[in-house]
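Engineer: According to Swiss-Prot, the protein has these features:
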type	residues	note
BINDING	C70, C72, C85, C88	Zn(2+) 1 binding site
BINDING	D460, D462, D464	Mg(2+) binding site
BINDING	C801, C875, C882, C885	Zn(2+) 2 binding site
Amino acid sequence: MEELFNFFQKPKGPVKFNKVKISLASPEQIIDWSHGEVKKPETINYRTFKPERDGLFCAKVFGPVKDFECNCGKYKRMKHRGVVCEKCGVEVIQSKVRRERLGHISLAAPVAHIWFLKSLPSKIGAVLDMTLKQLEKVLYFENYAVTQSEVEELPLGTLLTEEKYRQALSEYPAQFKVGIGAEAIRELLAAQDLIGLSRVLREEMASTSSQTKRQKLGKRLFVIEAFRDSGNKPEWMILQVIPVLPPDLRPLVPLEGGRFATSDLNDLYRRVINRNNRLKRLLELDAPDIIIRNEKRMLQESVDVLFDNGRRGRVITGANKRPLKSLSDMLKGKQGRFRQNLLGKRVDYSGRSVIVVGPHLRLHQCGIPKKMALELFKPFIYNRLERKGLVTTIKSARKMVEKGAKEVWDVLEEVVTEYPVILNRAPTLHRLGMQAFEAVLIEGKAIRLHPLVCMAFNADFDGDQMAVHVPLSVEAQVEARVLMMSTNNILSPANGEPVIIPSQDIVLGLYYMTRERINVKGEGRVFSSVDEAIISYDYKETDLQAKVKVRRPEGIVDTTMGRIILGELVPKSVPFVEVNKVMSKKALAALIDYTYRHAGTKDTVILADRLKDTGYEYATRAGISICIDDMKIPATKVGLVKKGEDEVLDVEQQYSDGLITAGEKYNKVIDIWSKVSEDVANEMMDEIKTETFEDKDGNLVEGPSFNSIFVMADSGARGSRDQIRQLAGMRGLMAKPSGAIIETPIKANFREGLDVLEYFISTHGARKGLADTALKTANSGYLTRRLVDVAQEATIVEADCQTLDGIVAEPLLDGGEVLVPLGDRILGRVALEDVVDPFTGEVLVVAGEQMEEDKVAILEEAGIDRVMIRSVLTCRSKRGVCAACYGRDLGRGHLINQGEAVGVIAAQSIGEPGTQLTMRTFHIGGTASRSVEQAEIRTHRGGKVAFNNLHYVENSSGVKIVMNRNAEIFVKDEFGRDREKFKVNYGAQVLVKEGEDIERDTVLADWDAYTIPIVAEVGGIIRYGDIFNGITMQEKVDPVTGKSSMVIVHSAGGVTLNPRISVKNDRGKTLKLPDSEGFARYSLPVGSLISVEEGAEIKAGTIVGKIPRETSKTKDITGGLPRVAELFEVRKPKDPAIIARIDGKVSFGKELKGKRRVVVTPEYGEQQEYLVPKAKHIIVHEGDYVQAGEPLMEGTIVPNDILSVLGVKALAKFLVDEIQEVYRLQGVKINDKHIEVIVRQMLKRVHITRANDSKFMIGENVEWWKFEEERDRLLAEGKKPGAAEPLLLGVTKASLSTESFISAASFQETTKVLTNAAMSGRVDELLGLKENVIMGRLISAGTGINRVD
């Protein structure tokens, strides 16, 4: 009876746990888990389909095939629960135990576990101090290993070949023992004394001075201490028993025609059992040694393949030549257990369909087809039908729904009303890719989507599909409504700007209604009230675009009829000024932003919907369409193109006269055509921008044009200046697939049509665009995945970490132009110190205050240009960041809440545009857009010129030539404040005098954009040194012109030579340089051209050589994505630059073969030497003063150098600026703090340099806060703490070195991560997000933060 009651008990809840430990299994443990031994390779009987006894599917071991029914049929049904059948030995129980019961195979000979053998560095090898090759020789029966020895010449673990063994046996009979195969290795492992070994190794490490030796010992020590501390025994890496997976996890399914489909694992197990049984038989028969060895080796190989197919030897394939999936393959990769089933599951109560536009919907609604809703909400409908008493059982409810009775639809309406559903569009690149809406039932089969949320989803209606999910629990519904509702996601989490912005037709309509037209009905009328104006419009007395005056509360306003109508739509708190202008897309975005900040969410949502309706209405009324005559080709085009052709002929002539090189010719031609293309575009835009109207007095006036194409582009509805240029200007230069620009431009535009050659050239660009898109989408997705993985554990853990540290925020300048104003960089951040007005001394912002829009405006007004702000980079919170260091939650507009997953948001914000960037190339159709090289400095404001650190010589024509690198020109205002600051390149010509007053738009300096000059600082006679034709120099004769030029080349014979040009006096002595100790000797790097003849007499400031700059490639995002990935992965760039590690004066030391020696001498202390390859161009000069961190040569700076020279903050600033640069080129705005979060995660660990009394090892990498905790503990105890230096890890490395082994294993290199974790007996505390998702718990972020047990 009791049995029966047990059956009706509630099912047990899920197991509660808060940690997961992984370790090695001992043979006893495996047998303890097992429910019996699998002795035979048989699976099921092909006639009866019953499992064979003792086989791989044996019911006795794994449990019955049918619920409560033994194999022979003696016991059936519930009443015999728990009985073990005496005939067939099967326990009568539910068949689902076949999913959880393990079996085992007892091996006749031990085998090595391949993970611990082959996963580098080999764990078995580390314990025994043997190489992988040596181990394999023993394991695969080639060599003997000494397992016991009393002879000094034969220490334990010595390898002996067959003849060496015989020889040793005759020399030392009965004094040693050898073994072979896994048995020998097991014996050696069991004999290791881990505690003694680790002590010896630590002593060795302390005493050795060689870096490589220390690293080697450190690796070995790590493994040994892992075994010592985890309680795992090294001999467990050799298997004596193999567990067998439960049969329902490796099913065997009968197909029609008497065949079977089976899991590969069954084949693999079968091979192991066959070989094991054969080995047992051979051992019983006392077979010859050689046969037994062969069989043991085959057993070892079959177990290797079962665990990890293809790790050693060739991949074992099945009948259809497909590699068999081993146990490791089940875990690995995108299709493995982690990523396929644990991190990404399919969910019930979901559907997908095509989307169409729903212009009548409100912002919080979406249309769901009735048929779909009926299926999604079935259980709710059954419940409602029962409650209403329309049906009595679930079965009858189901029938009623299937019949489609009238009541069912009414019930469906009730269920769906105000029920939030979640819509998702793949690819979900950021959190706005999943939003909640209230469902509205519609006829038809397509989901209807509100047009304004398309931008967030990146959706359009050309056949996109979306998925619908139903949140079931009350909590899920609340979260969907409060957090995910589209009305609560007005701002983008990436940059805090609205994502719900009108686009396309809506913009066109609103733009059209707010434009003014000259001389239309009702112009000049004055209305006493808004109502009167609108009545006048309704009676068609006044035109929509008529200029009128109207009386409003703030006074009489000049406006137009359309703007009055629009003004009625905005909330009361938004002043009329905000809409009393032409509403382009930018203006509408600003209006929505203003409304959100001043009127709140609700009003913004209402406004957005009203704008949508009005926009559509007036776009329809406007009836804008385009025709071919709207594309006006400028009359001046022919002349401009002709002029371009003449200039190109001129350049060709210079080239054939040998005045310029092929590279210079190419660059000049490209520049000419870029310029012509621009000029034609400007002429064309001028032509369509304005048209002539007749005003009411009959005079002709110019006004903004109503040309349809111009209207579309100007409003921001569709099309760009570039596209119009191609339609009506000239198509311009195109790029080859390699990225190089083709010299011949396309002179025609699309209205005129392309000829065959032009068409052929354009196919290049177009095709490259499409190919790139496909490739780069994948790369961008991979970048996002790496970023999410590194940042997933960064959440907001506390309100304030009380740190006193922060970073400096400054506006971002480029050549005197403000690219990013200070306001953009500090908005929503928390001030670290009081911000004081430099003139009045008034405190504008108090320390610890969040800087909102109003404060930022005050700071910008006061002209403040640097503020100390809190930053996640300096946050002291452990395992996360604090709210004060993070600042504003950009997607919500207030200080961030605790528990917010800022890491994931940061990763999405950086990764999402990555894919957009990749898709950018494609719209302009591959026309080459390359900025004409900036070769001059122009002022943006007037003022007084001041030089800073500018050394120059005057050349023969009296122009100042800049002779040093960090020269700057300032423009100061009347108060003497610096208004603009420009860096001036070495070799530039300065065209103004110090102290001169200048107007705006004055050219201060210019230089050659294509070459870097080498300038003589003194006059005299030129002499060559080490310039030998055919060795260090080559005369290159141009095939076209027959002219020769001298180019310095790299050659094996000239390694020790240093090609140079010296300036000497008439007595043949090299002249000294004025104001420095050096001489007028100029080294020529490889690739430079010599510009002066030997023996020529020159004046100071003459160019003696030139180094050509790279021929320009088109600026495609290819520079972008790979560059971003390179920075985040901290890869060594292709041509790294050497940087100065100290401040000091530069001099050149004695040359080393092939390298030049740059010496930096500080005022006090040691001088430092740097060796630079001769082929590289050194950009510092004798006597220059350099600062630490400045590059000494051309090339890309290596992030790790910045970290070691200038520290963490400088590195972070470098990374943020470099990454932002790539995105800014593409016009993508990302807030700095997102990049800072990722950089913080990359800098999470420190590298132990001295261990002293701490528990760490030299060379170990640990979290900074663990190191600090240990340091504080040791100092408190009066002991000596270790020392550490900050460590910068690339995002992949950082993800793999995370605390959580579950998270790391699900990212990459699964087997390696699990092997290391098992060996160390790692415990996963389940603190991050990913590991909790995998374990099926609530994540420790957001609403789950207080719920985690």
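Glycine is treated like the rest: Cβ placed from N, Cα and C.
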Engineer: Which one is it: of the binding-site residues C72, C85, C88, D460, D462, whose Cα lies the shortest distance from the Cα of C885 (Zn(2+) 2 binding site)?
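Structural biologist: Going through C72, C85, C88, D460, D462 one by one, the Cα closest to that of C885 (Zn(2+) 2 binding site) is D460.
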Engineer: Could you state the CA-to-CA distance between C88 (Zn(2+) 1 binding site) and C882 (Zn(2+) 2 binding site) to the nearest Å?
Structural biologist: 64
Engineer: Nearest of the binding-site residues to C875 (Zn(2+) 2 binding site) by CA-CA distance, picking from C70, C72, C85, D462, D464?
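Structural biologist: Going through C70, C72, C85, D462, D464 one by one, the Cα closest to that of C875 (Zn(2+) 2 binding site) is D464.
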Engineer: Counting Cβ atoms within 10 Å across all protein chains shown, which of the binding-site residues C72, C801, C875, C882 comes out on top?
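Structural biologist: Sorting the candidates by Cβ neighbours within 10 Å, the top entry is C875.
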Engineer: In whole Å, note down how far the CA of C882 (Zn(2+) 2 binding site) lies from the CA of D460 (Mg(2+) binding site).
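Structural biologist: Answer for this pair: 39 Å between alpha carbons.
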Engineer: Of all the binding-site residues given, namely C72, C85, D462, D464, which is spatially nearest to C882 (Zn(2+) 2 binding site) at the Cα level?
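Structural biologist: Considering only the listed binding-site residues, the nearest one is D464.
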Engineer: Taking every protein chain in this structure into account, which of the binding-site residues D462, D464 has the most other Cβ atoms within 10 Å of its Cβ?
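Structural biologist: Result for the most crowded candidate: D464.
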Engineer: Relative to the mean position of the Cβ atoms of C801, C875, C882, C885, the recorded Zn(2+) 2 site, which additional same-chain residues have Cβ within 8 Å?
Structural biologist: E798, D800, T803, R870, V872, T874, R876, S877, V881, A883, A884, Y886
Engineer: Select one residue from C70, C85, C88: among these binding-site residues, choose the one with the most other Cβ atoms within 10 Å of its Cβ.
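Structural biologist: Compared across C70, C85, C88, the most Cβ atoms within 10 Å surround C70.
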Engineer: Looking only at Cβ atoms, how many others are within 10 Å of the one on C885 (Zn(2+) 2 binding site)?
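Structural biologist: C885 (Zn(2+) 2 binding site): 29 neighbouring Cβ atoms within 10 Å.
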Engineer: What are the other residues, in sequence order, whose C-beta lies within 8 angstroms of the center of the C-beta atoms of C70, C72, C85, C88 at the Zn(2+) 1 site?
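Structural biologist: Going along the sequence, the neighbours appear as A59, N71, G73, K74, Y75, K87, G89, V90.
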Engineer: Round to a whole number and give the Cα-to-Cα distance in Å for the pair D464 (Mg(2+) binding site) and C801 (Zn(2+) 2 binding site).
Structural biologist: 46
Engineer: Which secondary structure state does DSSP assign to C875 (Zn(2+) 2 binding site), in the simple three-class scheme?
Structural biologist: coil
Engineer: Including all protein chains displayed, how many Cβ atoms other than that of D460 (Mg(2+) binding site) lie within 10 Å of its Cβ?
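Structural biologist: Summing over all protein chains shown, D460 (Mg(2+) binding site) has 11 other Cβ atoms within 10 Å.
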Engineer: Looking only at C-alpha atoms, tell me how far C801 (Zn(2+) 2 binding site) is from C72 (Zn(2+) 1 binding site), rounded to the nearest Å.
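Structural biologist: Roughly 69 Å, rounded to the nearest whole number.
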